[in-house]
Amino acid sequence: MTVLTTTRKSAWRAYSDWANTHRKWLFAAPAMIFVGVLIAFPLAWTLYLSLTDAHGSVRAASHFVGFGNYLEVLKDTERFWPATGRTFAFTLSALAVEMVLGMCIALLLWRPFRGEKWVRVAILLPLVATPVAVGMMWRLIFDPNIGFANQLLNFLGLPSQPWLSSPETALPTLVFVDIWQWTPMVVLILLAGLTALSDEPDEAARIDGANAWQRFRFVTLPLLMPTVIVAVLLRSIDALKTFDILYATKGKGGGSFNEVETLNVYAYGLSFDYNSYGLASAVLILFFLIIVACMFILTRRRKGNK
Amino acid sequence: MSATTLTDGRPDTRSAVPARRRKPLRSRAYKVFRVVMLILVVIVFIAPLAWMLLASFKTNVDIYDAGKSIIFSPTWENYNNVLGRNNYFQFIFNSFWVAFCSTALSLVLGVPAAYAMSRFTMHRSALVVLMARIIPGVSLLVPWYYVFSNMRLVGGFSVLILSHMFVALPLIVYIMMSFFDSMPLELEESAQVDGLTAIGAFSRITLPLSVGGIATAGILSFIFSWNNFMFALVLSGAHTKTLPVAIFNFVSYASIDWGGLMAAAVVVTIPIMVIALFTQKYIVTGLTAGATKG
């Protein structure tokens, strides 16, 4: 009996020692395997599908077509290239406005004031709101006949706008919605960066006679640059992949003239509205390469700044 | 009133005013400007949400009447419609269940992983997990849909939870890593000197001290899962539909019932906003995690 308990105990001890010495991988492996299986396998599968003519039912047989899909996509000036253009137009314009506006609001909130808590809550609400619901909300506000946006314009003596219903104004309107929802994110990140800054450089510049703009431009901004780049990085990842508000407001194919069809919406439509899995996979691989390239350029700049 | 200021408080420009005297005035002007701008910021971010809330209490006739923008007789009819006839309680439960399970499972996998990655500075491994944040969701959906529909799992909760974990796990690892990075090593070390094993020190010392960080990561991942639209759009079935998909389907048929749509939108956003109100600090910490490290 005692022999058994001692062996059991020493077995437990051996196991415990093993677990403790290998805890690095014991802790990290489950999460990495989970993510790895769910990423590596789908990516490999997408790569494989992009080389086939998979179409229709997922159980239908498919044939190997080599780089046919890629050639078809790259020669497609009707959907693919305009969608690429829109993806960049959307991302760059939203990002630019969000960074400038976010910086202004962050500076406005920087120093403590009364009611600070309530302003922060107000800023947080758009950020946590469900994007699909946000899309629906703006659909009502931008409705050409009954929306508040045109009521406001008419009140100010300006002519009504078609907003989401016209192919020309739909994308800029959605850029506005993205700005409304995600500027708070930039504000919060920059504010966290600003509060972490030490007061001394700013104080020194003040004593040397620098005015507010000079102190911002030559002291605060350079010190804040790492945070600014994190904000740009996080926002551009999400903006490139925007899907919810586009699909919720304009539906399949980004509207009847594909006016808001970005690469993500295009790839989604090819996959689940047309079931052209092969073609969709080729678009996705190209889209993925574009995102990775953007991240590569941004992170290289980040290292260069250090 | 000093000699250098006029009775209305403006500086007297006729006499030479010392620079120090002018300063409080300028800062007062800035103060007024700041208050005005702050009010403007609050209005811009809150007004659309308020408009949605108002519209959800209007009849469809009142919504079409510009004269009844703010003053109207409120009605519960839209909420009765949405919650009663359209089976929204089922969708609310679905959203909650998927968000809860995916968050809980991701915490179980993610917290130890983040701990290991932070303590052993496994930056390359961390990159693998963070890759999940960069990859476009559609590129995963196609193969998932392919595989899971062959396994006849599409439409069940398990697939939805699995797909939402994919959003939650990288987020949790990211937030917890920066949390553990900022946590001093000394406590664990002294616990080990006192006879605890390394794992024992983690579970008895580090974990109880990480409650704040875990709450931050958990709340944020719950919100992201609740708000997720694309995965559920493809992978959910009639009985496992989550709220964002239910709202989207609301407009797919014929003409838009604006009052009902706004009531549905309020039903989705209110739970999240209430959570946000009470956990504001955690959310801000989570969203800005790692942003100030440079």
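Just so you know, glycine gets a Cβ as well, placed from its N, Cα and C.
Per TrEMBL, the features are:
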DOMAIN    B:92-279  domain 'ABC transmembrane type-1'
REGION    B:1-20  region 'Disordered'
TRANSMEM  B:32-54  transmembrane segment
TRANSMEM  B:91-115  transmembrane segment
TRANSMEM  B:127-147  transmembrane segment
TRANSMEM  B:153-180  transmembrane segment
TRANSMEM  B:201-223  transmembrane segment
TRANSMEM  B:229-251  transmembrane segment
TRANSMEM  B:258-278  transmembrane segment
- Query: How about the transmembrane segment (B:229-251) and the transmembrane segment (B:127-147): do they have 3 or more C-beta pairs under 8 A, pairs 6 or more apart in sequence?
  - Reply: yes
- Item | Spatial neighbours of the transmembrane segment (B:32-54) far in sequence, C-beta under 8 Å, 6+ residues away | 69-70, 72, 262, 265-266, 269
- Message: Can you tell me which parts of the same chain pack against the transmembrane segment (B:258-278), counting only residues 6+ beyond its ends and a CB-CB cutoff under 8 A?
- Response: 49, 52-53, 55-56, 58-60, 63, 77-79, 81-83, 86, 88, 92, 95, 219, 222-223, 226-227, 243-244, 246-247, 250-251
- Task: Find the member of B:91-115, B:127-147, B:153-180 that has more C-beta pairs under 8 Å to the transmembrane segment (B:201-223) than any other listed stretch.
- Result: B:153-180
